[in-house]
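Novice: Residues or ranges marked as active site by TrEMBL: Ser742, Lys785. Here TrEMBL flags Gly374, Pro375, Pro376, Gly377, Val378, Gly379, Lys380, Thr381 as ATP binding site. If you look up TrEMBL, you'll see 13-222 marked as domain 'Lon N-terminal'. Summarising the annotation, TrEMBL assigns domain 'Lon proteolytic' to 650-836. TrEMBL lists 585-608 with the feature region 'Disordered'.
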Amino acid sequence: MAAGSAIQIPTRLPLLLTHESVLLPGSTMRTSVDSPRNMQLVRSRLLKGTSLRSTIIGVIPNTSDPTSDCDDLPNLHRIGTAALAVQVVGSNWPKPHYTLLVTGLCRFQILQLLKEKPYPVAEVQQLDRLEQFTNGHKSEEELGELSEQFYKYAVQLVEMLDMSVPAVAKLRRLLDNLPREALPDILTSIIRTTNQEKLQILDAVRLEERFKMTIPLLVRQIEGLKLLQKTRKSKQDDDKRVVAIRPNRRISHGSITEDEEEEEDHDDVVMLEKKIRTSSMSEQALKVCLKEIKRLKKMPQSMPEYALTRNYLELMVELPWNKSTKDRLEIRAARIVLDNDHYAMEKLKKRVLEYLAVRQLKNNLKGPILCFVGPPGVGKTSVGRSIAKTLGREFHRIALGGVCDQSDIRGHRRTYVGSMPGRIINGLKTVGVNNPVFLLDEVDKLAKSLQGDPAAALLEVLDPEQNHSFTDHYLNVAFDLSQVLFIATANTTATIPPALLDRMEVIQVPGYTQEEKIEIAHRHLIPKQLEQHGLTPQQIQIPQLTTLGIITRYTREAGVRALDRKLGAICRAVAVKVAEGQHKEAKPDRAEVGEGEDCKEHITEDAKPESISDTADLALPPEMPILIDFHALKDILGPPMYDMEVSERLNQPGVAIGLAWTPLGGEIMFVEASRMDGEGQLTLTGQLGDVMKESAHLAISWLRSNAKRYQLTNASGSFDLLDNTDIHLHFPAGAVTKDGPSAGVTIVTCLASLFSGRLVCSDVAMTGEITLRGLVLPVGGIKDKVLAAHRAGLKRIIIPQRNEKDLEEIAAHVRQDLTFVLAACLDEVLNAAFDGGFAVKARLEHLNSKL
Ligand code: ADP
């Protein structure tokens, strides 16, 4: 058979002795080499050889290499496979060994063993032809039917496998392309056969014999596969029926009670499916869930997607698709709740009641979203909470400050690892009903980022026309948000995107006056703090005068949050004293002082009331309350943080007080100016925005053009104020960016004071925009500004004439304390700002000292 073969193997072959496996021609095998002779073969033949010939070795099956090279060789199997060593991999661990990858070429038979050491070499005779597989037709004719039969079985076998696997598809092609005589060897090495069977095939030198021996192996494999496929199919059917079968099977064990049977019923996925079917989710959602649960059943539990899908389905079941609380809206009761919870804020309460009344009459929520805008700590959040209370609805607060990813609102798609629903859906899951009050806190602090614009995502949520089909990316089905009552809060409308602002009705919540703060403190904050600290009114007494002291000297804010904190600090200090059982009072009569009016009399410097810290040694009956007076205040809160510094700062020309509006409420603002020799430059400091810089330029231009009229001169007596003169304008609190037109009149007044050398009245504050022609234009935030001036103890306020209408909003007692000057032009402003007026052409020779 070897005659005429195209490729000839060497007649002398080094022999690799294998025991564990059988290499057949046409197949590849990986074998481990660690016995002495085989190692020698690899080292001296394979690793050192350089020609192709040197990589051809004879693999002898069924013969183990002795563990020592001193031992004689056992009887060698007569027939082996000539093979090409394709790869040698060496390793020293756990002991030196090589791993050889060999590909079988053809059979050979050993004629004579030539040497045994260091590795066996034999003279061999090639048994198979090693051709380039070109004459397939010839062999087909020779073997005729046998070969045809074999081919059919082979095709049948391969087609039973999954053809989508590339290796199987390749094998199918090989069946057609390879010469038939090569097939028995190749297929034997692929199908499941024992080493013994492989050895028989190797020994079957005649092709016909080989075909005959392989066909039963193929048939056996085909039958095996058929059986396997049948059992797989029935197992799937079984899986479907597993729920029905399981209880019976358990009963057959005889020891299972009915309870346990039921527990078995609680099989997770089945339970989930049951819950899905019984939940009241929308049709669309139900369809999606059932599809997902079908997938879940087929999925092995170890798959990461299993947990994802389960979480998703569990959320879907938990969501309150149809669950709601019953509204118990009664306007009269609502008014009482709002009044009880909050002092003042009449405008806000009125609007909220209107809103609720419309809800009651119309019974739907399609209306604008309320947005409370005001400084921190004025009770925006707590009004939201009260609204929920009056309606008997669940309340949920969603803090939007700093949210910059739209997925925070709309959720992540489920393709993401760690995907989750957005805050809206999460909130609904938390409250468990579909009609809660959602407070969207700090909508003005949403930020944009690369992850999209969360404000845009909120648009859909807040639009009553759209939000009945809000689609969270995670859920991927619509959820009806139309029953949710949304309320938003913000510090300023300036940073709320216009589209969002458009969907909301803004209700301004201005800051409180001192009187209001005192009332809030005594009606709400102090009782709340006492309760939180486990104190009773019998243990601590805070007179109104003390509260006023905290408000003016320890806080400077529009709301009451810092006040609340300070009261908390006082309660803590008292709690320590009470807990120590050491609370004492110097004069028992002072403890009986109840009302603020009386307090004023008692807490004077002469009375020298003793603070809780320095009265420790005087024992008193436990029912005596600890009185918090100024001394106690100083002990607990430290020295006062704010002092009335207004008059001190206004004792030089070139300073004026302006009024500014910030998101935190109104503020008084000192504007300072100085002049020096120079080239007519204007320097502005204090982090000013462009509008403020323009106001400064306008003010200077107007003064320069009116210098003669007012007899204003620079240092050298010239009416050109900037001649050889530089001006520096400074707005203190330099770290805070300031912008807006309302400082115009203040800058003019400040510069007029600088150039005239006269002092601005120390109790005057002002606000207003100016024009180049000297008119005063209206500005915003009058109420907050007036409150700030009132807080700072100023008496006269200059505001633009066209802002007169805004004064109505200001509480009567505040108005009583203040004098308002309504100015239409700058002449009127200057006249009001300086003692004795600022007369045209009135040149004053001396300084008007105010001290
Ligand atoms: P905001 O949301 O405006 O920043 P909060 O609603 O958190 O302020 O209010 C801060 C605290 O002040 C809360 O404890 C609240 O009860 C209290 N508070 C504010 N305004 C009033 C008021 N008018 N009456 C009673 N308590 C108030």
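Every residue, even glycine, has its Cβ placed from backbone N, Cα and C.
Automated prediction, rather than curation, is the source of TrEMBL annotations.
I would like each feature placed in context: is it buried or exposed, what are its neighbours, and how far apart are things?
Specialist: If you take the C-beta of Ser742 (active site) and look for same-chain residues 6 or more apart in sequence within under 8 angstroms, you find Gly658, Leu659, Ala660, Trp661, Thr767, Gly768, Glu769, Val779, Gly780, Gly781.
Taking a C-beta cut-off of under 8 angstroms and a sequence separation of 6 or more, Lys785 (active site) has the following same-chain neighbours: Leu659, Ala660, Trp661, Gly666, Ala765, Thr767, Ile797. A helical conformation is recorded for Lys785 (active site) in the three-state DSSP classification.
The C-beta environment of Thr381 (ATP binding site), restricted to residues of the same chain at least 6 apart in sequence and closer than 8 Å, consists of Arg397, Leu439, Asp441, Thr489. Following the DSSP three-state reduction, the secondary structure of Thr381 (ATP binding site) is helix.
The average pLDDT computed over the domain 'Lon proteolytic' (650-836) stands at 86.
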Novice: Select, from Pro375, Gly379, Lys380, each of the binding-site residues with a Cβ positioned under 6 A from at least one atom of ligand 1; if none does, say none.
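Specialist: By the Cβ criterion, which requires under 6 Å to ligand 1, the hits are Gly379, Lys380.
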Novice: Other residues with Cβ within 8 Å of the Cβ centroid of Gly374, Pro375, Pro376, Gly377, Val378, Gly379, Lys380, Thr381 at the ATP site?
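Specialist: Apart from Gly374, Pro375, Pro376, Gly377, Val378, Gly379, Lys380, Thr381, the close residues are Phe372, Thr489, Val509, Ala558, Gly559, Arg561.
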Novice: Helix, strand or coil by DSSP: which one applies to Ser742 (active site)?
Specialist: helix
Novice: When a 10 Å sphere is centred on the Cβ of Lys380 (ATP binding site), how many other Cβ atoms does it contain?
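Specialist: Around Lys380 (ATP binding site), other Cβ atoms within 10 Å: 26.
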Novice: Restricting to the chain of Pro375 (ATP binding site) and a gap of 6 or more, list residues whose Cβ falls under 8 Å of its Cβ, or answer none.
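Specialist: Asn491, Val509, Pro510, Gly511, Glu557, Ala558, Gly559, Pro663, Leu664, Gly665, Asp784 - these are the non-local Cβ neighbours of Pro375 (ATP binding site), listed in sequence order.
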Novice: Of these binding-site residues, Gly374, Pro376, Gly377, Gly379, which scores lowest on Cβ atoms within 10 Å?
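Specialist: Per-residue Cβ counts within 10 Å for the binding-site residues Gly374, Pro376, Gly377, Gly379 bottom out at Pro376.
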